[in-house]
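Here TrEMBL flags 1-19 as signal peptide. Among the features that TrEMBL reports, transmembrane segment is placed at 36-57, 100-121, 133-151, 158-179, 199-226, 238-256, 268-286, 315-337, 381-399, 420-444.
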Amino acid sequence: MGACLGACSLLSCASCLCGSAPCILCSCCPSTRNSTVSRLLFTGFLFLGVLVSIIMLSPGVESQLYKLPWVCEDRAQQPVVLQGPLDCGSLLGFRAVYRMCFATAAFFFLFMMLMICVRSSRDPRAAIQNGFWFFKFLILVGITVGAFYIPDGSFPKIWFYFGVVGSFLFILIQLILFIDFAHSWNQRWLCKAEECDSPVWYAGLFFFTFLFYLLSIAAVALMFVYYTESGACHEGKVFIGLNLTFCVCVSIIAVLPKVQSAQPNSGLLQASVVTLYTMFVTWSALSNVPDQKCNPHLPTKNGTGQVNLEDYSTVWWDAPSIVGLVIFILCTFFISLRSSDHRQVNSLMQTEECPAEMVQQQQVAVGDGRTYDNEQDGVTYSYSFFHFCLVLASLHVMMTLTNWYSPGETRKMISTWTSVWVKICASWAGLFLYLWTLVAPLLLPNRDFS
């Protein structure tokens, strides 16, 4: 009898895995919208790939992967003699991460192409988006297995540049999400202050604005101390100085009377968030400078000018990588869980606000204790663009986990100026994007930017 009940339970779970998204989480999230659950499950697939990549960077797993043909061998199947401070095991870990992230990027790219122009859940492809999760998992596993048998050759070098471009775009998406979050935060606390007629909300806004600027100033000071030297590191000094100047400029512009009249919700809170994020990107860029005098993350040289291998150990997890991974996780959850309060951001991110009839339907669903399909009349987010964001997220986390090391320029798995310039240019593009949000209502007065 117990065996029969167990078999029935397994069959129920199997049917749920082959069904829609709400069926899987019906017992945990009975009132969750179908669109939200689907995005969370796809994000779970991405995080599963990230977890596998992290495991593959651990020394114990690296030692088990030597059986694969591309480990420490060239095309002539001869052992590779490394000329840098990284051992073969570390090189293996980097190769494994590249292949795992290639698999997740290919998986989401496949769905990005498949879901182009899906308008509502009545489209047959919507059933694929919101269901058949067991088969999706099998597809991801199959792509992953195949990726580990890609010949080494020029694959790492080519995929590195794919990662650079994708990570550049994802950094901009992160900044857009931070700006939108700061705008919503500022607007809601100001509304609370007006409704409650209490200065506590104003004090809270002032406190966090002051805190973010204080952290930014501390970051600038620490970068000058640890990433520059007197008479050297001129590039780092220029990068820090320029970004500090740009942040001061956008902060001043954010509180100009004309900008305030055109953008009543603009203020120093948003500017402080942008400033702090810009300082983080600058810090991350300086941690990739391939000059041992200007980068404390690189091994030091001994008296002969050579790398001191005895004092150096391969470290994939430095402070910028850990902070970057945390920001990546938060932004990915942000993409999956909510739409923006601002129409312009929703238009840019291809999402929509929940209409009033959907809210009423949600309230009925909560009362009935069931899930519901909220996309019969139209999708609440672009399926294709969502998967495109996950493709960029896969590339960005690949670069983050490998510290932006370039495998093609040298056998030394160290950072290059390519990584530095990509991050610095991303910070400049982000600052320009924020500046545009401030001045666009003044330059285009006939358009609605509310």
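From the backbone N, Cα and C atoms, a Cβ is placed for every residue, glycine too.
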Practice task
Go through 100-121, 199-226, 268-286, 381-399, 420-444 and flag the stretch with the largest number of C-beta pairs under 8 Å relative to the transmembrane segment (158-179).
Solution key: 381-399
Problem - Spatial neighbours of the transmembrane segment (100-121) far in sequence, C-beta under 8 Å, 6+ residues away - result: 34, 42, 45-46, 49, 52-53, 56, 127-130, 139-140, 143-144, 146-147, 150, 159, 162-163, 166, 373, 375-379, 383-384, 387-388, 390-391, 394-395, 397-398, 401
Exercise for the section: Decide whether the stretches the transmembrane segment (268-286) and the transmembrane segment (199-226) have at least 3 CB pairs under 8 angstroms, with pairs required to be 6 or more apart in sequence. Expected result: yes
Completion exercise
Stretch winning on C-beta pairs under 8 A with the transmembrane segment (315-337) (pool: 36-57, 381-399, 420-444) is 36-57
Completion exercise
Long-range Cβ contacts under 8 Å made by the transmembrane segment (36-57), restricted to residues 6 or more beyond its ends, are 21-22, 24-25, 29, 65, 93-94, 96-97, 100-101, 103-104, 107-108, 111, 129-130, 133, 136-137, 140, 144, 316, 329, 332-333, 335-337, 371, 381, 386-387, 390, 393-394, 397-398, 401
Completion exercise
Contact set of the transmembrane segment (420-444) with the rest of its chain, CB cutoff 8 A exclusive, min separation 6+ beyond the ends, reads 164, 167-168, 171-172, 175-176, 179, 235, 239, 243, 246-247, 250, 253-254, 258-259, 262-263, 266, 270-271, 274, 277-278, 281-282, 284-286, 288-289, 404
